[in-house]
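Colleague: Handing you this structure, nothing more for now.
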C-alpha cells in the first residue's frame with residue numbers, strides 16, 4: 001500500500017457499522033482507513049497547486065545600457081538640455097562641472113551638465129512574482145484500496161484513483177473497481193496566508209540552482225531593483241542599476257552596476273523553495289478535512305474457498321513496517337483464486353487470534369495477491385500463514401500505544417476545529433459530540449478492544465453502566481457510568 005512507504009502515517013479505524021469517517025490530510029502524510037466488513041483504503045493529499053497564477057511585478061537583475069548622451073553648458077549660459085530627458089525608459093542625471101578657457105568657455109565657473117542613457121534589461125535576467133488566487137487553488141486527493149499486491153515506493157498502484165477539490169467543490173465519488181465506490185467531501189485550507197504570499201521565480205540560467213521561492217509580499221515589494229508590470233515595455237526605477245561618475249567639463253561616465261542575481265540569491269538563503277511543474281505552481285503546506293463515505297465499499301473474495309495450507313512459501317518474511325505494523329508477502333503453488341488463512345497467537349495463548357488485519361480478507365488472485373499487513377499486541381507472538389510460521393516480537397507497550405493514538409486523535413480534532421461542531425440543532429450538537437469522542441478516542445479504544453467481538457463489548461458497556469446505577473459510592477458510580485457510556489458509545493457509534 002502507499003501508506004506503508006511513508007513515514008507520516010495515521011490509522012483511522014471505524015466502529016461497528018461505520019459508514020462515514022472524518023480524516024485530516026496533510027502534504028507528506030497518509031491515512032489508512034480500516035472498518036469491519038470493508039476493504040482497507042489509503043487516502044492522502046498528493047498536491048496543492050494553482051495553474052498559471054497571475055503575474056504581479058517583474059524585477060530586472062542586470063541592466064542593459066545603450067545610447068549614452070551628454071550635454072554641457074558654459075557658466076551663465078543656462079541649463080544644459082537633452083531631448084532624452086523627456087523620454088520614458090531613459091535614465092538621466094544633472095550636475096555641475098568646472099568650466100573655463102581650457103574647455104571652450106570664456107568664463108571660469110560652474111556650468112550645467114546632463115547625461116542620459118537608455119536602460120533595458122538583459123535577456124534571462126528577470127525575477128517575476130506570481131500571486132495565488134484562493135478560489136483557483138486545486139487540492140489533489142488520492143485513494144488506493146489494499147488489494148493484497150505488493151507495490152514498490154516508486155511504482156503506481158493500478159487501482160489508484162484521484163479526486164480534485166477547490167473551495168467550491170462538491171462531493172466526489174470514486175469507483176475502485178471490484179471494491180465498490182468511495183465518496184469524498186473535502187474542506188480545503190492552505191497552510192499559508194495567500195494574501196501575503198508571492199512566488200518569486202527567476203529565469204532559468206543554471207541547472208544546479210533553485211528557480212522559485214515562496215516569499216512575503218512586503219519583502220517582495222521592497223526589493224531595490226528596477227520593476228515593471230507585465231506588458232509594460234519600460235522599467236520603473238531603472239536608476240537603481242545605473243551609477244553616474246563625477247562630471248569633468250563636458251564628460252560624465254555612466255556605469256552599469258552589473259548582475260544582481262548573486263545578491264538576490266544570498267538574500268533568499270533559508271527561504272522556502274517553491275516547486276514548479278510545467279504551469280503548475282505548488283504550495284508547500286496545507287491540509288484538507290474530508291468526510292469519507294464507506295457505505296458502498298465492498299469486500300472482494302468473500303466467496304473464495306480457503307487456500308491449501310501446505311502450498312505457501314515466504315516471498316518476504318515478516319518485517320516491521322515502521323508504523324507499529326508487520327508486513328509480509330507469500331507465494332502460493334495451488335489452485336487460484338483463494339483466501340489466505342492467516343492468524344497470530346500470543347505467547348501462552350495458542351487458541352486466541354491476536355492479529356488485527358490491516359489487509360482484510362487477504363487473497364491469492366490469478367494475477368497477484370499475497371501481501372499481508374497486520375497489527376500485533378506488544379510482546380512475543382507467532383504468525384501463521386497456512387502451515388508457515390514465524391516468531392515475532394512486537395516492541396512497545398499497550399499503554400504507550402493507547403496514549404499515542406489518543407494524542408493523534410486530539411491533533412485531528414484540533415485541525416478540524418470549528419467544522420467538527422454543529423450548533424444548528426440539538427441533534428446535530430449531540431452528533432458532533434459523538435464524532436469528537438470517536439475522533440479522539442477511536443484509536444485508543446481499538447488498541448484496547450481490537451480483538452474483542454461486538455457482543456462482548458456491548459455486554460461490557462451495559463454491565464459497567466448497571467454497576468454505576470447500583471453503586472452507592474458517588475465517585476465510583478460516576479466512574480462506572482462514564483466508562484460504561486464510553487464503551488457503549490464507541491461500540492454502537494457509526495461515526496469516526
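Keep in mind that glycine also has a Cβ here, set from the backbone N, Cα and C atoms.
Features from Swiss-Prot:
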- 3-30: disulfide bond (DISULFID)
- 60-121: disulfide bond (DISULFID)
- 60-116: disulfide bond (DISULFID)
- 74-105: disulfide bond (DISULFID)
- 92-116: disulfide bond (DISULFID)
- 92-121: disulfide bond (DISULFID)
- 186-290: disulfide bond (DISULFID)
- 307-338: disulfide bond (DISULFID)
- 154: N-linked glycosylation site (CARBOHYD)
- 98-111: region 'Fusion peptide' (REGION)
- 1-447: topological domain 'Extracellular' (TOPO_DOM)
- 469-479: topological domain 'Cytoplasmic' (TOPO_DOM)
- 448-468: transmembrane segment (TRANSMEM)
- 480-496: transmembrane segment (TRANSMEM)
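Looking at the shown structure, can you explain where the listed features end up?
Modeller: Secondary structure at residue 3 (disulfide bond), taken from DSSP and collapsed to helix, strand or coil, is helix.
In the three-state DSSP classification, residue 121 (disulfide bond) falls within a strand. Non-local neighbourhood of residue 121 (disulfide bond): 60, 61, 62, 63, 64, 226, 235, each in the same chain, at least six residues away, with C-beta under 8 Å from its C-beta.
Sequence-distant neighbours of residue 116 (disulfide bond): residues of the same chain at least 6 apart with a C-beta under 8 Å from its C-beta are 68, 69, 70, 82, 84, 85, 90, 91, 92.
In the three-state DSSP scheme, residue 105 (disulfide bond) is classed as coil. Taking the Cβ of residue 105 (disulfide bond) as centre and 10 Å as the limit, one finds 20 other Cβ atoms among all the protein chains shown.
Within 10 Å of the Cβ of residue 92 (disulfide bond) there are 17 other Cβ atoms, across all protein chains.
In the three-state DSSP scheme, residue 92 (disulfide bond) is classed as strand.
Residue 186 (disulfide bond) counts 24 other C-beta atoms within 10 Å of its own C-beta, drawing on all protein chains shown.
According to DSSP, residue 338 (disulfide bond) is assigned to a strand segment.
DSSP assigns residue 154 (N-linked glycosylation site) to coil, not to a helix or a strand.
Counting residues 6+ beyond its ends, the region 'Fusion peptide' (98-111) has Cβ neighbours under 8 Å at 72-77, 80, 248-250 in the same chain.
The average pLDDT the prediction assigns to the topological domain 'Cytoplasmic' (469-479) is 78.
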Colleague: I'd like to confirm something. Which of the recorded positions, 74, 105, 154, 290, 307, has a Cα closest to the Cα of residue 30 (disulfide bond)?
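Modeller: The answer is 290.
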Colleague: Quick one: pull the CA-CA distance for residue 338 (disulfide bond) versus residue 290 (disulfide bond), whole Å only.
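Modeller: Rounded to the nearest whole number, the Cα-Cα distance is 35 Å.
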Colleague: Quick one: pull the CA-CA distance for residue 307 (disulfide bond) versus residue 105 (disulfide bond), whole Å only.
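Modeller: With the alpha carbons as reference points, the distance is 111 Å.
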Colleague: Whole-number Å distance between the CA of residue 186 (disulfide bond) and the CA of residue 154 (N-linked glycosylation site)?
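Modeller: Approximately 27 Å lies between the Cα of residue 186 (disulfide bond) and that of residue 154 (N-linked glycosylation site).
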Colleague: So of all those disulfide-bonded residues, 3, 74, 105, 290, which one's Cα sits nearest to residue 154 (N-linked glycosylation site)?
Modeller: 3
